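Shown next, in structure tokens, is the structure this report addresses.
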Amino acid sequence: MNNKDLKTKFIFITGGVVSSLGKGITAASIGQILKNRGLKVSIQKLDPYINIDPGTMSPYQHGEVFVTDDGAETDLDLGHYERFLDENMSKKSNVTAGQIYQSVINKEREGKYLGKTVQVIPHITEEIKQKLIDVALFHKSDVVIVEIGGTVGDIESSPFLEAIRQVRFDFGYHNVLYLHTTLVPYLKKAQEIKTKPTQHSVKELRALGIQPQILVLRSEVPINPETKNKIAALCDINPQAIFEALDVDILYQMILNLHHQGIDDFILQHFKLTNFSNADLQSWKQLITRIQNLEKKVVIALVGKYIVLHDAYLSIIEALKHASYQYNCKLEIKWIDAEKVTPDNISSLLEDYDGILVPYGFGNRAIEGKILAINYARTNNIPFFGICLGMQLAVIEYARNVLHLQGANSLEVDEKTPHPVITKKIVDSNLGGTLRLGSYPCHLKANTKSKAIYNQEIIYERHRHRFEMNPHYVALFEKNNDFVVSGINQEQKLCEIVELKSHPWFIAVQFHPEFLSRPLKPHPLFKGFVEASLLNQKNK
């Protein structure tokens, strides 16, 4: 294919001055506005780190690992993209420097470069450009928004910036747009906005051969027209192409703020795209109004091992918020360090909360504290939601304290346990090495809470796990007619959902429902959990 025959338009988003400016939220917000106007939009994240993917990175380093339907372990920004766009990303939506270099080195070993010296230019840059084309074709996109990780000036980003510089020539001027986000500091003492960091950031970007057509200025105060004109003159940018990204209390306000400033009109004009509908953002306006006028509060205890960095549970936090908004209540999460939970303090730690959630995790650290929390929820009729490891530990807790299987455990924790109620997955997947990754079907059992919540026969949910409930113990667990395996993957005979008949709301799942929750379409399990927690609050 001749690159100039490609019909897709590309928006490249870079960041300057400091990291964590909200490039991902900017990308997701623009994506939602353009989708709303009738365009088919996909978003891609280019990460300059050498890791192949974040799958083996510490949650303290990187936050959560977001899993796509096709089993890719990706950057948490893809969660923002999916939640804002309500579109599924794919493994093509997250590209790392590690993937690029690995691919090029493999091709060199296979002799595909015909003995040439393999260099950053052209081989690495061509590989990056091919990834841009791949995501456009795979998603059949009218517009691909590409976020470049890191900050302009980082040495790791150099090949990516060079590649996106080249695509303007390769794809055509009106098919490419460069958007640069910068910080505009406000000095409270002097009551003055400082533009110098933005000037230097744009200067550095231009030195690399990239002239941004749009600036998005992150600021805690509104930026007056005089300041915008000053930045426009010194950065050689149309004043009409300078937009504010003011600090907001609700992330989704960014969609309305950028649309109100006309960023979508400017983008469509640049791409010479006409005959697209006006944006109808009424549903987002209603959501924001609802959030601003919440009348109740629900308090959830999250008992985890990575609680120092809340981003390790970002999608769970967002899914709980989505469900809470539906019930007109503000979410308050109490972060409980599972390592500090003991039999002596468990009651004082958890007695005041409306619901208890035990999320995922790997390894044996903090396991016993989570099991204590599950036992407390079960024996005190407090709504309980277990996710991934949370389900495995619910199985262990029940085995020990109800079935009296002394020493019951997971093979991940104790390879010599006499009762391995949690074992390694029986059927290996080709995706992600030793992990079961991606979306799989789950058949729901009739006359169960799970079936009532989903109101479907078959559901599809995303997975990321290495261990699971041992199917050889299922009959023993279900013998007393209380413990129910209510969701099963029939193809591989895997236990996906467990629940208790005698408990008001005790459900644990092997998969990650948080990855499918959307602000305008909360996940049914999270809705059910929040509803049960509110009922528990009422009955106290």
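Our numbering is plain: 1 for the first residue shown, then up by one each step along the chain.
Each Cβ is built from the backbone N, Cα and C atoms, and glycine gets one as well.
The region 'Amidoligase domain' annotation in Swiss-Prot covers 1-273, and the record cites sequence analysis as its basis.
All protein chains shown were included, and the count of other CB atoms within 10 Å of the CB of Lys230 (CTP binding site) stands at 16. Summarising the annotation, Swiss-Prot assigns CTP binding site to Ser19, Asp154, Ile155, Glu156, Lys194, Thr195, Lys196, Pro197, Thr198, Gln199, Lys230.
Around the Cβ of Lys194 (CTP binding site), a 10 Å sphere holds 14 further Cβ atoms from the protein chains shown. If you look up Swiss-Prot, you'll see Ser19, Lys194, Thr195, Lys196, Pro197, Thr198, Gln199, Lys230 marked as UTP binding site.
The feature ATP binding site is assigned by Swiss-Prot to Ser20, Leu21, Gly22, Lys23, Gly24, Ile25, Asp77, with sequence analysis given as support. In this chain, none of the residues that are 6 or more apart from Ser20 (ATP binding site) has a CB less than 8 Å from its CB.
If you look up Swiss-Prot, you'll see Tyr60, Gly361, Leu389, Gly390, Met391, Gln392, Glu412, Arg466 marked as L-glutamine binding site, on the strength of sequence analysis. Counting only same-chain residues at least 6 apart in sequence, those with a Cβ under 8 Å from the Cβ of Gly361 (L-glutamine binding site) are Gly304, Lys305, Tyr306, Lys370, Cys388, Leu389.
Its Cβ taken as reference, Glu147 (Mg(2+) binding site) is surrounded by 27 other Cβ atoms within 10 Å in the chains shown. Here Swiss-Prot flags Asp77, Glu147 as Mg(2+) binding site, drawing on sequence analysis.
Residues or ranges marked as domain 'Glutamine amidotransferase type-1' in Swiss-Prot: 306-539.
Secondary structure at Cys388 (active site, nucleophile), as computed by DSSP, is coil. Within 10 Å of the C-beta atom of Cys388 (active site, nucleophile) sit 24 other C-beta atoms, taking all shown protein chains into account. According to Swiss-Prot, the active site, nucleophile annotation covers Cys388, on the basis of sequence analysis.
His512 (active site): 23 other CB atoms within 10 A of its CB, across all protein chains. Feature annotation from Swiss-Prot assigns active site to His512 (among others).
According to Swiss-Prot, the active site annotation covers Glu514 (among others). A helical conformation is recorded for Glu514 (active site) in the three-state DSSP classification. Its own atom aside, the Cβ of Glu514 (active site) has 26 Cβ atoms within 10 angstroms in the protein chains shown.
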Rounded distance in angstrom between the Cα atoms of Lys23 (ATP binding site) and Tyr60 (L-glutamine binding site): 21
Least buried by Cβ count (within 10 Å) of the binding-site residues Lys23, Lys196, Arg466: Lys196
Surrounding CB atoms that lie within 10 Å of the CB of Glu412 (L-glutamine binding site), all protein chains: 19
Inter-residue C-alpha distance, Met391 (L-glutamine binding site) and His512 (active site) (nearest angstrom): 11
Glu147 (Mg(2+) binding site) - helix vs strand vs coil (DSSP): strand
Number of Cβ atoms other than its own within 10 Å, given for Gly24 (ATP binding site): 23
Thr195 (UTP binding site), number of other Cβ atoms within 10 Å: 19
Nearest recorded site to Ile25 (ATP binding site) by CA-CA distance, among recorded positions Thr195, Gln199, Lys230, Glu514: Glu514
